[in-house]
């Protein structure tokens, strides 16, 4: 007791807002149920497993810990099932998840001598008793986010929705190219559901957001409801509807009807398609679900190192499937497991390791690859005998998800996300944390160069280079190898429709396209109409070809299965891709300008005059290109929005697609426009740097007020200089980008089940130890029938020459 009293200065009583970790170790996946339980640091309130608490003492010198251990209770035979009164899991009144009941035991531990003192005990100092009581009564930081995620959305139905007046004013809203009716804003736009006017949202305190035109329109007209453009999805559930008189986000049960009034006809789509293609699609989805998850197969469960499952945290399968493949690569497993011990990562982590991406990546790697958490669960049968279960508990990547989502608000929700978008975001974050040590950056093993060649009718050429992490491929349905079977299926479908009979799942035939045709489509010559030729000083038709300037260690192929149909309706292509287990893309290499070729004017190197070198953000460009846009306009979009983000670049692109010079090469020589120094001085007097002031004035046509708004609405501009993109063949090649032969073997693939990337389920199949393995969240087993033709993302590993 005296030892404890002598260390009371290292004990803190947590405040109500203090983050307290008491359910999971911050550097491993040990929990209260693990052997040894958890030790909560009574100074930092971080939890550590038995094998790791000593590391924390060595690092911090904090000696006093609350030791919590859970033991399973014996289930009562007459345990009643409570009727839920709340749409939630794990909350009082919510659904009973039928998990075993546990009891907790507590004690105070003082390091380094492992002196233990019982709790509760009146002999403990009052400060210790108060601190322990506060810890036990507080909701753990790990649980707060989890419980909030499962609690149902409490948005209410608007009282204005059912009787909403809509004007017959002939307004038809186009699917793209939106702009505020009263200013130049092209983001944060709201469609008024009464008169169809598109207006910008509220202005934030820092000058960002809109110009209050939407809310002012309500004040002038009294038209109550508006929906935010860009949040409308096929199922409409995620649409952001705001009621101005109720001053909150609301539910509009008739939103499909209200949108249809302005040409966004979701209601008719649902009625007609549900009787034909949608019903057929439902059958396909069931078939997909069974094939991708190998439902009905006698899957042999696997346990041990490299076979640890990831528990679904609520629509987190996109994360689980992607991370299983990533940590099956040598680059990531070496960086965060083989070459980085947990203790080394913890010793260099900040005070709170739960918010450090390097620490949480190392924790995840050790959790997945060590085998420590991949063991059969012991269960008791009706005779109270212990038996080995075919299941494993897996690990719950809550802390990793919290950290990786910190800079991306969509990934912090429990909504389903696009695995491709998550992969690109993950790679970007990994590159950022390894920027100081590029030689150790595992993301660069996925990086490669793409070169586009444009030749106009003058015979002169332009080359554009960029780096990317994914090769996004169109699927040429016209190259289907089963055209005869498809024709027969169309006839059968017409016969059944005439007789009002349905097709069975076994009768449905889908196009089957070879991966080689998809790769050839990427490299095939493509006509670019209305191309502005600087040689001819006129519009003409150019021929575009594309190739790779380097071959990465790991090649990720994205199959563009999702397209946007008329009326903003996302559609998934029902197609199979014949993917071999080895490919050779050597013929796709591009070698830049060739002898005898002449560059278009404006594409050559500068003549010594002052130039402004603009570099488009590669990640923004890559995401725009993956949507199907050409490279050059994507680069211009990133440049003209100061690399402020994909959304801003997309808005710019949609508003400038018809510009006469949209396809004109970007000159490396851009004369510095004359900028009034007095205006620069005015902005500098506001506290902005001169370089930033000049960039803002240039972007806003020399208008001081618009330049100020530009700076506030483009926070990344403060770190971005006046930029242009190099379009000549002299673009520097990053020496850190790997290169080699073009032969690859299929390492794994991520499949998707569902009508869009925002719903459904993701599953990973990976080649391990000479066999295919299915990773379906926390279920891991031998794959008997890997659906190689149903992948969304394919991961190929380079074969040694």
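Yeah, the Cβs are placed from backbone N, Cα and C, and that goes for glycine too.
TrEMBL lists 156-266 with the feature domain 'UBP-type'. Per TrEMBL, the feature Zn(2+) binding site maps to 180, 183, 200, 213. Taken from TrEMBL, the feature domain 'USP' applies to 308-799. Sequence annotations record features per position, and here TrEMBL assigns active site, nucleophile to 317. Residues or ranges marked as domain 'UBA' in TrEMBL: 615-656, 674-714. Look at TrEMBL and you will find 761 tagged as active site, proton acceptor.
Distribution of TrEMBL features across the structure.
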{"residue": "180", "record": "Zn(2+) binding site", "Cβ contacts under 8 Å, 6 or more apart": "186, 189, 198, 199, 200, 210, 211, 213"}
{"residue": "183", "record": "Zn(2+) binding site", "Cβ contacts under 8 Å, 6 or more apart": "200, 211, 213"}
{"residue": "317", "record": "active site, nucleophile", "Cβ contacts under 8 Å, 6 or more apart": "416, 761, 762, 763, 777"}
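The domain 'UBA' (615-656): residue composition by secondary structure is 30 helix, 0 strand, 12 coil, according to DSSP.
Neighbouring residues of the recorded Zn(2+) site, listed in sequence order and excluding 180, 183, 200, 213, comprise 181, 182, 184, 185, 189, 199, 210, 211, 214 (Cβ within 8 Å of the Cβ centroid). In the predicted model, the domain 'UBA' (674-714) has a mean pLDDT of 64.
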